[in-house]
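According to Swiss-Prot, the protein has these features:
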- 694: active site, proton donor (ACT_SITE)
- 17, 18, 19, 20, 117, 515, 516, 561, 605: 5-methyltetrahydropteroyltri-L-glutamate binding site (BINDING)
- 431, 432, 433, 484, 599: L-homocysteine binding site (BINDING)
- 431, 432, 433, 484, 599: L-methionine binding site (BINDING)
- 641, 643, 665, 726: Zn(2+) binding site (BINDING)
């Protein structure tokens with residue numbers, strides 16, 4: 001039985017972020033719909049050809065998405081919220097963008113769908129909305145059109161579909177409460193229709209993604225898989241695809257399904273290959289996810305060979321990435337500035353395809369010479385002085401419980417802070433960043449390219465900071481920020497100033513919609529050679545009598561939004577970062593900065609997928625934050641910010657952070673996230689976000705007042721702050737001014753009403 005290679009998906013954005021640029025040009029009215037669609041066709045054709053040339057036997061089709069693949073599935077099923085629907089019920093690409101960006105067909109503002117993290121990754125999806133009695137029908141044929149494209153190009157393909165049970169699991173009920181699982185029988189006919197259309201096209205295998213099968217699911221949801229796949233069986237061969245964890249706990253459910261193959265993630269799961277082989281039906285294909293789709297490290301191919309070789313020839317076998325390569329940059333070969341030694345440690349999406357081909361050839365032939373040669377740099381790295389820093393390791397080993405304790409409890413600190421800052425009721429602030437204008441980005445780019453000397457660069461950044469302070473004082477905000485003009489990304493900026501990180505030129509990965517990030521890579525022990533934020537924070541504070549927040553990205557977020565080392569634990573990395581940033585807190589405080597924000601938007605996303613594994617993660621995640629913050633004196637107010645979060649199940653840990661103020665993203669959920677804080681009786685101060693910064697819509701004063709009044713029904717008004725949902729980096733100045741003016745006005749109105 002010959003082993004084949006396949007991938008579960010490939011990066012969509014293009015090596016030069018062509019998709020992002022085309023989307024934003026279209027949204028700005030500078031490109032036609034056909035021009036946008038042409039970019040998509042070009043990218044798909046290029047990516048299929050690149051994978052094929054790299055050695056992939058069966059190409060994924062349907063992994064491309066204009067915004068995210070869950071939203072694509074919603075359109076496929078005709079699941080369009082009423083506020084975004086065309087009058088005639090038709091669906092087009094503008095419908096998709098309206099759901100993601102918040103517009104009605106008339107062009108008027110309409111709340112965007114809620115956005116949240118895709119399992120425990122830094123990718124996002126638009127949450128499907130379900131209502132009682134909802135109808136579904138095939139309305140969006142993107143998958144079928146792309147299958148036709150790939151077949152016309154002569155490729156051997158494997159269409160990709162998000163499975164029906166996972167799709168329902170990822171959604172939320174809107175309106176009258178009901179069990180959304182009851183909709184399964186209503187969406188299955190659409191899936192049957194799609195599979196029938198694929199069968200007509202001669203498709204043999206369909207990859208149907210059910211990552212919910214790695215979770216600890218209620219029994220009713222486990223039972224739903226049998227109902228679903230009994231209905232879907234028979235038209236094509238189904239490769240039931242899981243990832244991000246192992247399947248062994250739910251294997252009894254899986255082996256009862258009428259599918260023809262199973263993909264398992266052998267990187268992030270603890271499944272034993274021999275046990276899987278013994279328990280799976282003998283005629284099933286096993287797709288082994290042996291190459292990490294979520295990191296950038298070169299694979300130890302001899303180890304992968306040994307992991308799978310015992311079952312070669314005993315059952316049908318494919319080798320694949322652990323998950324979609326969506327989470328990896330595209331091509332290492334264009335990284336011309338990386339040090340040669342460090343570069344030899346990495347593999348991006350195309351190189352991972354090559355690794356799969358090497359592994360396939362070795363398994364088919366029994367000749368391991370090529371895989372051994374490929375993995376030689378891994379052995380060298382284990383002894384590199386660039387990886388190990390004895391001073392950092394000693395400091396980490398010396399941590400005591402006292403290092404994670406503030407001097408006094410919140411009640412004592414709050415009194416000292418009130419006396420120091422004398423803020424009004426309903427204090428107003430922003431989350432940190434202001435619009436990153438073309439001028440700001442150009443300034444940074446010119447400096448990075450060497451076209452601008454340091455003095456001119458610093459003068460330019462100082463002027464943008466000065467303007468940000470002027471804007472905030474003009475608006476009447478109470479606690480100011482410097483605007484972060486010097487920062488391209490909240491994680492990359494800190495990584496650039498910490499030892500132990502390296503950066504790529506083109507290592508972009510998609511976060512959501514058109515937003516891409518370029519995560520740093522943790523290659524060694526982490527330390528802070530010099531202060532990072534102090535100079536600009538001190539300068540901003542010198543321009544105003546109002547408090548200016550120092551802005552730090554927290555240790556867990558830096559960890560989660562970087563590509564981490566794989567030779568030490570995530571806990572070790574987080575605590576190394578915490579110690580480095582603890583010194584930054586002390587330096588900011590010494591420079592006269594009285595309010596310091598330590599952003600931890602990724603705390604929840606780092607949770608293991610199985611609840612039984614949560615406690616250990618939360619214990620070290622909270623400890624890392626507290627180590628970072630505990631250098632602050634009582635009168636220094638520590639803020640933290642979180643977004644895209646469901647807090648109900650981690651409230652103990654949120655409280656254990658012991659931040660003086662937490663700001664959270666709540667506007668898209670209509671303040672429902674505050675229910676968690678109310679039920680828990682959260683003791684510290686809270687800033688519930690009052691408008692959605694991911695949408696260009698400007699909220700009215702009345703809208704903001706209504707949200708704040710709703711918040712005050714759950715949290716005492718004296719402990720409430722007023723702020724946007726998130727940073728304003730991606731917005732333009734006109735809507736930023738308008739939105740903040742309305743926010744400040746709403747706060748003033750509420751003060752006057754008291």
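Going from the start of the chain as shown, residues are counted 1 onward.
Each residue, glycine too, has its Cβ placed from N, Cα and C.
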Of 19, 431, 516, the binding-site residues given in the record, which has the fewest other CB atoms within 10 A of its CB?
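Counting other Cβ atoms within 10 Å of each of the binding-site residues 19, 431, 516, the minimum falls on 516.
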According to DSSP, does residue 19 (5-methyltetrahydropteroyltri-L-glutamate binding site) fall in a helix, a strand, or coil?
helix
List the Cα distance (Å, whole number) between residue 484 (L-homocysteine binding site) and residue 665 (Zn(2+) binding site).
20
If you measure from the CA of residue 641 (Zn(2+) binding site) out to 10 Å, which recorded positions from the list 431, 599, 605, 694 are inside that radius?
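The recorded positions passing the 10 Å Cα test are 431, 599.
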Within the chain of residue 599 (L-homocysteine binding site), which residues six or more apart in sequence place their C-beta under 8 angstroms from its C-beta?
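Non-local contacts for residue 599 (L-homocysteine binding site): 431, 432, 490, 551, 552, 553, 554, 557, 640, 641, 642.
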Inside 8 A of the center formed by the CB atoms of 431, 432, 433, 484, 599, which other residues of the chain have their CB, for the recorded L-homocysteine site?
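The answer, listed by sequence position, is 430, 481, 490, 551, 597, 641, 726, 727, 729.
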Have a look at the recorded positions 433, 643, 694 and say which one has the shortest Cα distance to residue 516 (5-methyltetrahydropteroyltri-L-glutamate binding site).
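It is 694, whose Cα lies nearest.
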Please give the 5-methyltetrahydropteroyltri-L-glutamate site's span as the largest CA-CA distance among 17, 18, 19, 20, 117, 515, 516, 561, 605, to the nearest whole angstrom.
28
If one measures from the C-alpha of residue 605 (5-methyltetrahydropteroyltri-L-glutamate binding site) to the C-alpha of residue 665 (Zn(2+) binding site), what distance in angstrom results, rounded to a whole number?
14
Rounded to an integer, what is the Cα-Cα distance in Å between residue 694 (active site, proton donor) and residue 17 (5-methyltetrahydropteroyltri-L-glutamate binding site)?
20
Compute all pairwise C-alpha distances among 431, 432, 433, 484, 599, the residues listed as binding L-homocysteine, and give the largest one in whole angstrom.
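This binding site's residues have a maximal Cα-Cα distance of 14 Å.
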